[in-house]
């Protein structure tokens, strides 16, 4: 069926009315009255558990949210994506990152062309190159083995590889991986200064080979290699992830060290492609294929499972409920796993660049809020930084906890138990809170004077009723990581379809790029700032003055 705008509008109205009527409901009472609440509001896919029972929903909520998904034609849009239709309507492109991890022998067609053989060809080339670097068969110009790789990219060419490489640290048995993204010269200077060009491979990740930040850093790295080892050494110390073969050749990188990808792969969905080359070199091709396999398992589940049993769909519906119906403008991602320290930043781009839109697919203003602000830090660090606001602040911010049942350090299992206890304690505390009477009783048990009890007790009250959801898997391994990332990718898709927006373009990134190009000669003093707004003129003048001071 097609998207039913009238039914969608009516269902949203029902949801808003339902929220207004059910919002005062106490979550403690909901759990006390319903022993089966956890069972009804949780789902499993193998060892992966998704629990949303601490969110402020009931059976009516879930029935209306399913009705919403049907009215928005989530299933039809999902089928169109998997079929290779051009669902990115503003760029007239297919959206097929799912094909990058599809190892089946069936066809995946884009404009009548089966793309799976192309995907396999690039993956096999990546694996051969990674094996060569890891084994030492592919050496540097002086004959030394490569000990360090530096990935130069930005946005999707950086955030995914950084996140995955850190997450899979226990599986590293290849060269050390480093990442440079920022145009700030301090980033590349600090990265290169402890390294030896003779044992360093630099990967330049830019589809067009024109990204300003990436190419500026790449030229700095090229000079670093050439100044030490000579111009002839450049080819042996660089590889590229790009489709601009002419520009790559002009840079000095041989064609057999260039790995391409396709316009149906968006940057923030590209870690599964050749953009993941630094991950593959760090953990090996076999582990990288397990990473892809985990994502493919989630793809199959998302494609085939009915709406009410579908993890990405339910995660997306809860996300929509929190943002558009409850009015929560922010979403905190809290992985209780230090190796997932860059996951919040990765999901920040995935979600905010996808769903930070204000017009619908047909170019009309949206009728309500779209994507939330996404942010977070690992637990338990966040508890000692911003959880105060989450527990007692005036804004309600839903939390998404992620934790593994087992860690990678068996001799430190007691610390992992402490980690798990903290994760569960936070979700329980946010839901239950503490009443004024409970705060008084706690203080009275310390034999404090009555006047002190009355003075302090209000400060120790927690409202509770603060929603959180929890994702638990067995262990953070390549398969689990791939599955987790694909879960969030498809969640973004579901929310976008209900919002009625295009999740696969990012025109908001472009204006700043254009103005930065215009302002560079102004900042460097080659042109005047006349014609700019008074603030920009004042800022330029101050920068010029301070640079001369």
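The count begins at 1 with the first shown residue.
Note that Cβ sites are derived from N, Cα and C of the backbone, with glycine treated the same way.
Copied over from Swiss-Prot:
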type	residues	note
ACT_SITE	353	active site, proton donor
ACT_SITE	384	active site
ACT_SITE	513	active site
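Structural mapping of features recorded in Swiss-Prot.
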residue	record	Cβ contacts under 8 Å, 6 or more apart
353	active site, proton donor	268, 506, 508, 509
384	active site	none
513	active site	212
